[in-house]
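Report on the structure given below.
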């Protein structure tokens, strides 16, 4: 464990606690220290890594503190991504692994939508560059067509399906996977190999038609289906032609259209056509007319070409690669090599080798002699011997007349094989390579030298011939070349099938090669034209044309492979070759001609982005006004902003929403706009000039109004309003406190009750007994705790005596109702008994009289652990006075060495020389002698290393010198005994699990003392330290509540005041400095109290304060902010009563006693608390008050309301009881107006639907009044105030339900599942289910469509869930209630009106909370009867999501989300005021990858997690490892990592204006363990190093 903020880790804390101890023979504590010290564990490198990350993060914060403190430091999601990439200029050039297919359908670009919309209306050919998303448009269109077809089938029409046609078999699987990942419909892929045996099976294709929606196949498949009439063209709804430029002449694309498409006379039955290509023509003819070629393509496909402008294209692809030409010396014709000549003599006339000889003759000139010889080596591979024989034999079999000649050819072929195998191939040298090949090696060496510098290179070398690709790859594998280019990892990619004897491959091999290229295993492909189009090859940063392209489209497509930033497109041309020079320039000319032609298409066929900026930029008539004094400028576009800001400063009624209204009407010459300002504006309207577009007309009107306002002095020289609206004064106040900012405070260690000493007149008894007495190993009887004042009864709590449930027992602390007036003798007697217990059992010898004791212990008699004492009047009757008398008269039992056997049974023995040795005698062992060896298994003492291991020496604990002078009796009897346990913290379950139980030993009693206390009393007295610790903590907690005037039961008070770790409030982190055995902490109560505090202050604000929703939020922030709670807690000294330390074996004794012998007791009266922890305790006390009030015979909220008033000291919350809320409510004026008929009708409809009739219909109408609806129509404000109220009410009722239904769940679980219950998705679902959306009143044109769409969607999901239940054999009403999770977020108004309705219901019923509970029970609770179905809902939260991605998906163990406080303004007032911001960063392998700045740690972590999710969600593990150099192994993840947070910043301010779903905190550990498991594991680690039972 590492050290945070100067706090010692548990290991070090334990060490420091013991290091300064001195050996004390009279102390039992020393033995614990000696025997419980664990073996050193292995060094924990993870903790070292954490500390290194912490240091790196703090250094980064310091280096960037000024920039982070600026207002603009809070980055947007995009800027966070840019920042991440800016740290490594080559990040985007890393190879990209094949990942689960991206759902690109979710975020199309604007031009894609426009092309899609066009394709929906008519047949279209989309002309777009490689990598610009043509397939996405096709998928959008496919989905649209399928949806249309589904609708048509519903009407009884014949089923039709979609065909996606590709030109290459290799593209079938690729496009099938891509489409299947982006469509929720059945998709299959077919090519010749899959249906070769099915051509005569019509049934196969009939089944295909019924089961599939999309078929991806080679065009030949569809053609043959249509040809054989397995399908007809009318059964096809859409045909997508990939690489549509192939549709010419007799290509199968063209034949499908000519032979089948045109044969269907009914145009309505013809399928829609969509073509995709990078260029509409594919020809080498440079003289061809683009108009004619494109016209032919359009005519053939019966489609229109559509494209996008160059400007939008550049926005998509960024910048094109930098094109360069590398020239090589002229290649001269070379003679065949010696190997080739010898082989020609042997097999030169055989037709099987003709193609290889042709390739070798080409290679010797084009590539060089080495490559020509290498070709023969590749042809005559060892594994090809059998194939060669078979092919020669096959040739001979086909011509029986040439048997002799064939035999001779076979012999020659074998001789040729032997020649090649024995040939000595020279290494590739400059002389054996052509100038062209040599130039390629130079280029590759130059490019891959960047890889050595840390820049990843992905390269494709395009060639024309298959054998060229194979030979170049073989060349680069040679040691001589690898020395020059060590980072190159090559492979060839060629078309499937055979190309001579060397260049062949399979489709499977193609896929593997491309996959390895994505993975980064290969970084250089030598490829033929197969890599130019279609195949999903990741973008590269180097593309080399070894052989120049033959057509313009090849040029465009191969260039399109270089899509990365700072890419290079290299053309290799022969020096002085006019043909190469012509093609070098002609391709650019041809491309530009194609672009010019496409841009010359009609305007409706060029998709351009219609933005305001474009409209303004294209119109030079717009005006710019420059303010003379400040030089501020006012443009058309900015005038819209200036006007909106001005209106925001106008005075308004609390419920009034001010806005700017525009009217644009067509006039002669264009459009003219007019602007209208609210009635409170000094100027009401202005009219602009006539412009060519509506947008310009609107801007002109705003511009004219701004000029009028400036001229009338309503705008200053900086174009700011002079009518300053007074915003809420504390809107930007720093209200949060840090959970990591810790201070040392005084801590109450003893209750005030113990301070009362002196003469006493009466005593009150509390019986301490066990519910399961058998758990304690030994028989026991209750003991009595006698106090000067009556003690309250506390709830039972568990003690853990050992391992397993059988060793667990609850303690019952039963106060007796009647006091007892003891005599002086009796007081001194029980005082002596108490001191005897301290001396004999706990090795502490105190000097005290009865007047010094705050409490006494007394043995019991005549009662057992389960005895009913309710009728007992006088406690004196159950005290064992005989035992008291014995302890008063003598401190030990006399021993004469000749006692009978019965004497040695059931007595308690202590060692006066070693306080750690206590024993329970069991029986005498006459068969053993003191000189006998100690039997095996006896626990070894600490002081007999240098003595003989006899029973006598075992019994004597003197040091060596003292032992030598001691003469022991050799005839004394040996006693069998059991070693008494030294464990004191019986409250700690983990410590109990480590207990070994009773241990047998053998003693002689000469040097030991036999106690007067009976064994059964001793056993119960052993439990007293744990009991008194819990009792004292309870009393101190109760005192805190009494000081605040809150009558909270003692048990609940203790829970509310208990903080058991330094980061109790951080549920997503492993506990730090965990204090075991303290019982329940305040977390659950704080969760409950926080929610009630929000509800209570919301009701008070709605009741008393007239203001808008923003002002409500500000006021509520002031009331419930942690800073406010902290201040009042400190004023009340609440921090002194917080219980933050676990049981300490040295501090539980009564205060004020004089210690005569034994280790000195410690006084630990200080503790360090975080500011937020103190504020959390305040909320926990509110939660405790709430539970107390709800537990009354008549459940109410009065005590909780009083607690809110006490804790907040707010001027807006002075209520002492629930009834005070409604008593303070005054009906607003707008509710006093008689309702209209429309409002009454709404009231009736809601009555029929909901069962409740509103007393005030106008209040109900208000719940459905959208802010866009003008108030002057009905003089009813919008629902925003009611929504503010209803939001808090629904939060409270949901939290109350979860809290009571799941008493064993921690706040982390409660928060995560509350997210589901109060999410906008769910509330929107309920609103639609109740039909509330039909009652919404608004004036937003787009809102209606959004509501309708979402309502239909959620209704459909509900119906599907019902049908699924029926299909599963369930009742329809038992459908799965989590169907709404899959629905996207609704329009915001839908959850708003649900909350507003609940708020209105609450107000209309006179603040009757039971009405809210009734609404919850009927309409919300049924969805959450089984909460387990929402267990994964929280995984959508960014912090949880990114943690899962990095640690689980990527397996990285060096990931941190860290936060740090910084001054709000390091150069200004922030240094003076102490105002802070919080910066959160995502650190991976010690570097900050992205960051965010916010007002609190909670929101900063949320923001940076969103950035990280955006970056890493679609990244593959391989790309992650390459990008960050991650080499983490599974064993690295030992649970000591995950979401680590700097322990200095975690502020929690009030929620933003619109509530968001409460951010869940991450619970994912990289080991898959929950935080609860981590806490338990941490607890065990701590207890391993604290006191334990045995030596």
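Including glycine, each Cβ sits where the backbone N, Cα and C put it.
Keep in mind the model is a prediction, meaning the values are calculated, not measured.
Swiss-Prot lists 888-1012 with the feature domain 'PAZ', giving sequence analysis as the kind of evidence. In terms of DSSP helix, strand and coil, the domain 'PAZ' (888-1012) has 21 helix, 27 strand, 77 coil.
Looking at the domain 'RNase III 2' (1243-1406) alone, the prediction's average pLDDT is 86. Annotation comment: Swiss-Prot describes 1243-1406 as domain 'RNase III 2'.
Within the same chain, residues 125, 164-167, 171, 175, 253, 275-282, 297, 301, 533-534, 553 sit at least 6 positions outside the motif 'DEAH box' (242-245) and bring their C-beta atoms closer than 8 Å to a C-beta of that stretch. Annotation comment: Swiss-Prot describes 242-245 as motif 'DEAH box'.
In this structure, residue 1388 (site 'Important for activity') belongs to neither helix nor strand by DSSP; it is coil. Sequence annotations record features per position, and here Swiss-Prot assigns site 'Important for activity' to 1388 based on similarity to another entry.
Residue environment of residue 1388 (site 'Important for activity') contains 13 other Cβ atoms, counted within 10 Å of its Cβ in all protein chains. In the motif 'DEAH box' (242-245), the DSSP tally of helix, strand and coil residues is 2 helix, 1 strand, 1 coil.
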